[in-house]
Amino acid sequence: MAKMIVFDETARRALERGVNALADAVRVTLGPKGRNVVLEKKFGAPQIVNDGVTIAKEIELEDPLENTGAQLIREVASKTNDVAGDGTTTATVLAQALIREGLRNVAAGANPMSLKRGMEKTVAKLVQEIAAMAKPVEDNKTIAEVATISSGNDEEIGQMIAEAMDKVGKEGVITVEESKSLVTELDVVEGMQFDKGYVSPYFVTDTERMITDLDEPFILLTDKKISIIQDLIPVLEKVARAGRPLLIISEDLEGEALATLVVNKLRGVLNCVAVKAPGFGDRRKAMLQDIAVLTGGDVISEDIGLKLENVTIDMLGKARKVTITKDKTTIVAGTDNKAAVEKRIAQIHKQMEDTDSDFDREKLQERLAKLAGGVAVIKVGAATETELKDRKLRIEDALNATKAAVEEGIVPGGGTTLLHLTKKIDAIKAGLADDEKTGADLIARALEAPLRQIADNAGVEGSVIAQKVRELDFNIGYDAMKGEFVDMLAAGVADPAKVVRSALQNAASIAAMVLTTEVLIVDKPEKKKAGAGAPDMGGMGGMGGMGGMGGMM
């Protein structure tokens, strides 16, 4: 396919138009008085969202040059979401401000590479400042405040997440499910999470969030590497007849076996997912046994004379729900195996007492936490499907923000921390060369952008509010919900330091890339021929039967 090649200022301005198109759509959601965005869906009702990364992922521009800019800024939101789980809108607003100011300087003759170096050095110093000023999260009240702010000032969600963390611990597993009722409620159940995800992305059931949800699945546990489909066919046929999904946890699954499972999943013959067993060596066998106890199944191992071809339904584990991402599996078990789980916990306690090795004791402690901690499930209720999806996204954001706050502490929220960091820029500039100082000035101007946007969305003049806050003490900021200047931490308006840090780092990274771009190469759009309608395709004919499970052989 032919390519379009665009140079110099034309290339950078095209990127900027794309950046602005996406950022202008996202930034209206920032702050407690931010508005919503409605996303049209090809199937089903439109989706109403207030989440930066969800909006960013939906935007595709017609002009390929501008679309490249939009994709770059989408990367800012995605990366911030991956690292911190929240702060995607803040990152987008920062990146837009940096690119706008930076391109103005490049057009005026500043050296882009010097600007880039200045920005990088300044951000590195500011990240250290954020870490130094972060206050650790030590009580439930602070956790509730962070969750409330991140969920769009929903106090019910804030209290629920604080309660969930209290019940399963700060390292515990908290999942979010859709409820059948109108009420949002918290449920703590037996369950565990381990650090292995699906072996193939073809297993996902939700392509937007790239996760797999299995309701009431059977679970096949084996310490064997599976590569031949013949071994699995008997158990697959039994599960298919039962009409329930299947989770396979094995040492590995590859080759013909993996290909056949993927094909049958895509055809809708059997909803199945394969994940690798956690741990290594003897520890892997012990963890498989833990999962077996939790789910009421057996580990299929030739060490004890069990073979895959002889597996019966009774040997399979069962769970209420399983959620799998690319790197994590969460099993929410029923309550049927409580006695067996308690017996297993007592056994692990005994092993911990008997061992002399600190390493072994640490690993046993990890297993114990996985088994004993349980899983807190927040069941999201709402009056309509559209509200339910929006509420679920808000709760997931709040949950991520809370975990980030526990990890790296909190700083004053509402864009206050970023704005007050501008006071540190002069000291940083003292160690920079000429054009590098301009890079530091770019960062200083961009740091105002989130607070200005929060104020604008609240219906007041952003530049006036920013100027007033700059003159106040470090903790004092603008509470857009009440329209007052307050001590942000005392008022419960806090941001996780990790979210603020990630937003700044990712925004500066992408902005530096845009400023140092000299050539843009994209596919040339194909011109549609006038009057060329689609030819008559004729009838499609029937699809034919898919055959039974024997088609896998």
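Placement of Cβ uses the backbone N, Cα and C atoms for every residue, glycine included.
Not measured: the values here are computed from a predicted model.
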For the ATP site that Swiss-Prot assigns to Thr29, Leu30, Gly31, Pro32, Asp86, Gly87, Thr88, Thr89, Thr90, Asp495, which of the candidates Gly169, Gly172, Gly414 is also assigned?
Gly414
Give the sequence-ordered list of residues that share a chain with Thr90 (ATP binding site), lie 6 or more positions from it, and have CB atoms under 8 Å from its CB.
Leu30, Gly52, Thr80, Gly415, Leu418, Pro450, Val499, Val500, Ala503
Count the Cβ atoms, other than its own, that fall within 10 Å of the Cβ of Asp495 (ATP binding site), considering every protein chain shown.
31
Give me the long-range Cβ neighbours of Thr29 (ATP binding site): same chain, 6+ apart, Cβ under 8 Å, in sequence order.
Arg35, Asn36, Val37, Val49, Asn50, Asp51, Gly52, Ile55, Thr89
On the three-state reduction of DSSP, what should I expect for Thr90 (ATP binding site)?
helix
Grab the ATP binding residues from the record (Thr29, Leu30, Gly31, Pro32, Asp86, Gly87, Thr88, Thr89, Thr90, Gly414, Asp495) and give me their largest CA-CA distance in Å.
16
